[in-house]
Amino acid sequence: MGYPEVERREPLPAAAPRERGSQGCGCRGAPARAGEGNSCRLFLGFFGLSLALHLLTLCCYLELRSELRRERGAESRFSGPGTPGTSGTLSSPGGLDPNGPITRHFGQRSPQQQPLEPGETTLPPDSQDGHQMALVNFFIPKEKSYSEEESRRVRRNKRSKSSEGADGPVKNKKKGKKAGPPGPNGPPGPPGPPGPQGPPGIPGIPGIPGTTVMGPPGPPGPPGPQGPPGLQGPSGAADKAGTRENQPAVVHLQGQGSAIQVKNDLSGGVLNDWSRITMNPKVFKLHPRSGELEVLVDGTYFIYSQVEVYYINFTDFASYEVVVDEKPFLQCTRSIETGKTNYNTCYTAGVCLLKARQKIAVKMVHADISINMSKHTTFFGAIRLGEAPAS
């Protein structure tokens, strides 16, 4: 019990059932009984367990080997040339890490300190140590050459560093220590002086010239605030002429009291025996010979007329027209009772848009009629109402 023994793997008892299972179970397509099927599954279970144990042993072996390499490498870096264990061999346990797994295994109690189980015998100490090293060399056959090369490299480094000075060993010891975690970042240093000004850069490519086309006008802005009232201007002189022009212009013509027979006394049937009662000379002009009334100013005019007629056995109705530039504008017709000499009046009126230089007149339609030019019953006139409305 004081030293590790080589594990002796005896043949598993499941080998025999494997043969039996291969012969009796239905692995090759033959029909198998229920008992043979159970033995086949039992064999497969033992086989899987054995394979898992082999894999676990292999993993432990690889872990032990890597741990031993790390310990040997660390010891060869820190130990001197005369220190035991730097020879790179496994001839003595002193070359191993005292805290390593192999050293702990070797440092177990000796057969004198541990109780023996029944049937075990003790070995001498020399034979025990030799047996232990043989086991280690058996498991790790390649560690010997690796350790020897490592020890030679350490000796060469020691010789080269001994000539460097008194600080050499201290630096080697510092280099051999494991580096701790990095500390926190220090505060930033002061800014350095400004560097020299660099050369001027390459001038850029000139931009594309813009167009001279003006864009569409924007929407009108909001109205500004109302300004203060201005100073009162001087009072102007009253324009009497303007006041007169704004007043309505009137013309009124009436008969002179004569009796007229149209067929014998009138030329073209137009009445011309008029007397002026009132007339604005700036707006109207009367032509006495032709009996026409001329308009001098554009505007809207109200035109009216009345004629008194009487019957002399020639016709049974009376009719006349108000013409503008010899074109009929208004017409008035009145029937007369035959066989009597009754007097009858006929009145008409209307509004007309007239332009300057236009002429208006009263024209009789039938020639076989007589007219009484009384100032109270026969008259003709016009009133200017104002400017013509904008079209």
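Positions of Cβ are set from backbone N, Cα and C atoms, glycine also.
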Exercise for the section: Would you mind checking which of Cys60, Cys332 shares a disulfide with Cys346 in Swiss-Prot? Expected result: Cys332
Problem - Residue distribution over DSSP helix, strand and coil in the domain 'THD' (249-385) - result: 4 helix, 83 strand, 50 coil
Completion exercise
Helix, strand and coil residue totals from DSSP for the compositional bias 'Pro residues' (216-228) stand at 0 helix, 0 strand, 13 coil
Fill in the blank from the handout: Ordered by sequence, the long-range same-chain Cβ contacts of Asn372 (N-linked glycosylation site) under 8 Å (at least 6 apart) are Gly255, Ala259, Glu308, Val309, Tyr310, Tyr343, Thr378
Fill in the blank from the handout: Mean pLDDT across the domain 'THD' (249-385) comes out at 88
